[in-house]
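I have placed the structure first, in the form of structure tokens, so that the comments after it can refer back to it.
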Amino acid sequence: MKQTTIAAIATAIVPQQGSIGIVRLSGVEAVSIAKQLFQTPGKQQWESHRVLYGYIQQPLTQQIIDEGLLLLMLAPRSYTREDVVEFHCHGGMIAVQQVLEACLQAGAELAQPGEFTLRAFLNGRLDLTQAEGVADLVGARSPQAAQAALAGVQGKLASPIRELRQRCLDTLAEVEARVDFEDDLPPLDEAGVQAELQDIHATLQAILATADQGELLRNGLTVAIIGRPNVGKSSLLNAWCRCDRAIVTDLPGTTRDVVESQLVVGGIPIQVLDTAGIRETEDQVEQIGVTRSHQAAQSADLVLLTIDASVGWTSDDQQLYQAFQDLPLILIVNKVDLVPQEQVVYPEAIAQVVSTIAAQNQGISELETAILETVQTQSLKAANLDWAINQRQAAALQKAQAALEHVQGAIADQLPLDFWTIDLRGAIQALGEITGEDITESVLDRIFSRFCIGK
């Protein structure tokens, strides 16, 4: 890594006035740059892990920019294991931008996305699973997602991966010893090797089982509410969100565009799309809304087909069902205060049916239960989720599994020991990719490019 000193704003920049903003420096010149910018009244000592009070100034003109605090963390006792300085100034957009510009004028370089965490990884402060956990924690959209990400930051995924990799290394050492010193050692216990590989493979499979949960926690679900006009789609959205998110009237075609809202159900972030009522219409604007409704439903992870119990199942409902029946679908029978669900006839192939009285906020908890059952995540509880692997980690685990299967095949086919070692090394390399012990620069670039600038 180049011996440069980097700088970035570490707090969110929003148009509203914030109370505090943080600008972070890391690198060999962090302290010297900070001393160009920070004036401390009195005789405050520049010591590691101490907070100093003073004024931040332009390095060239000595014009005062802001009044604030400075936090000094000297290597190796810092996030990056380099000298780190943080300016804690007033929030908002102007003050932090001026402090950052002053850092750059004094010799710092603007940090790339994730560069602070990349340096922490390269300097041995974090392994790769912990670094990815940092990104997931920053981007978490639910408490469960945050807790699963925190488990990654704490190394709860890296620990079993390292243990499995070490077991593969131990097995490889046993096999290679027989290749190099066959006459000096007892015969290899092939049954024992097979049993060990099977156990490692099973453990990898158990870790892989968290991949779908991890994907749900990170990316969530998109749920589209569809149906004919005036069946209560917007009322359902408002009841679900507990606010007047969508306009509700008795006039068909009130909703002309897709209305979005964000919710969390059982720890899963959900984007809810309230769509325009789907019907044949000569109104050009409404027709655009109908087209967008179709597009939203086709791209959704789950469709809530909503019907009016007082009207019953119509030919239009049947057409909508046929259009979206290949997608995960829940039937919402709304307005059951007018006609009980038992009197409504609908296709028997629909497995999930929920009764609601959206105008009275009834049936929402049953709807959320049905959603969790549909995506098979009833057990998705933060307390039971030690970690949640991402797609990159899952791909590496699958590579390791395939390599172990090849070794087992070589044993079964009585192939020479040299064949065993090739795939054992493949499994070891794949597991090393997860923790970063065996990783390419291009993969690192791809991982850290999704970080925010100041992390």
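Just so it is clear, glycine is given a Cβ too, placed from its N, Cα and C backbone atoms.
Taken from Swiss-Prot, the feature (6S)-5-formyl-5,6,7,8-tetrahydrofolate binding site covers Arg24, Glu86, Arg125, Lys455. Counting only same-chain residues six or more apart in sequence, the Cβ atoms lying under 8 angstroms from the Cβ of Glu86 ((6S)-5-formyl-5,6,7,8-tetrahydrofolate binding site) belong to Ala10, Ile22, Val23, Arg24, Leu25, Leu70, Leu71, Met73.
In the three-state DSSP assignment, the secondary structure recorded for Asn230 (K(+) binding site) is coil. What Swiss-Prot lists as K(+) binding site is Asn230, Thr249, Leu251, Thr254.
Annotation comment: Swiss-Prot describes 230-235, 249-255, 274-277 as GTP binding site, evidence class sequence analysis. Of all Cβ atoms in the protein chains displayed, 20 besides its own lie within 10 Å of the Cβ of Asn230 (K(+) binding site).
When other Cβ atoms within 10 Å of the Cβ of Ser234 (Mg(2+) binding site) are tallied across all protein chains shown, the result is 24. Annotated Mg(2+) binding site per Swiss-Prot: Ser234, Thr255, in sequence order, evidence recorded as sequence analysis.
The domain 'TrmE-type G' annotation in Swiss-Prot covers 220-376.
Just so you know, of the binding-site residues Arg24, Arg125, Lys233, Lys455, the Cβ with the fewest other Cβ atoms around it within 10 Å is the one at Arg125.
The record assigns Arg24, Glu86, Arg125, Lys455 to the (6S)-5-formyl-5,6,7,8-tetrahydrofolate binding site, and the maximum Cα to Cα distance across that set is 19 Å. Cα to Cα, Asn230 (K(+) binding site) and Lys455 ((6S)-5-formyl-5,6,7,8-tetrahydrofolate binding site) are separated by 47 Å. The two recorded residues, Arg125 ((6S)-5-formyl-5,6,7,8-tetrahydrofolate binding site) and Lys233 (GTP binding site), show a Cα separation of 51 Å. On a Cα basis, Lys455 ((6S)-5-formyl-5,6,7,8-tetrahydrofolate binding site) lies 39 Å away from Ser234 (Mg(2+) binding site).
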